[in-house]
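Notes for the one structure printed next.
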Amino acid sequence: MGNGMNKILPSLFIGNFKDARDVEQLHKNNITHILSIHDSARPMLEGMKYLCIPASDSPSQNLIQHFKDSIAFIHECRLKGEGCLVHCLAGVSRSVTLVVAYVMTVTDFGWEDALSAVRGARTCANPNMGFQKQLEDFGKHDVYQFRTWLKETYGENPFNDKDDAKQLLDKHKQQEAAESQSATSSGRQWSSHLTSLSSMSYSNYTTET
């Protein structure tokens, strides 16, 4: 079945194509809405509400045009107290881009912090460079209007999204620090190993006089 969807915010999940067909996982997470974005996106399960967006994982693919519909779909689902799964094929690039745009809209995060927060829950999250540029442009030109639109349309956000996203951001920073420390430690061990080998090699080729 699926490789395991990840909760980003309460009632909001990212997964891959297999997760979107994993009835057990969907039921466990109270998922009633599925946002499907990939080349051949279409409804697959009865009883689910779908938003299907045909889109390739190409840097030139325009995803900004889908941000508003995606954000509305996710937010309306969450306001109902139901779960929403956003998925593409791998749950790495396209789906992550839409969720990052949503996180930016319901918090005051810029695109880099929003992406880092998502990575705190889903370490494989990695939109292609074209999508990252679109998120950067969204943050510069559109996100403030989107925040106003969301509030005027749906009222005050009843969720603690900023606090929840901050926890994920902190988690990601801790993960990065741990990885950096591990890499530094490994580098020192390797350097020590090379020094030891060099010393052994030198002693093997020297003779007493």
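Note: Cβ is positioned from N, Cα and C throughout, glycine not excepted.
Feature list (source: Swiss-Prot):
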DOMAIN    4-144  domain 'Tyrosine-protein phosphatase'
ACT_SITE  Cys88  active site, phosphocysteine intermediate
REGION    170-193  region 'Disordered'
COMPBIAS  177-193  compositional bias 'Low complexity'
CB contacts for Cys88 (active site, phosphocysteine intermediate) [other CB atoms within 10 A, all chains]: 27
Local confidence of the prediction over the domain 'Tyrosine-protein phosphatase' (4-144), expressed as mean pLDDT: 98
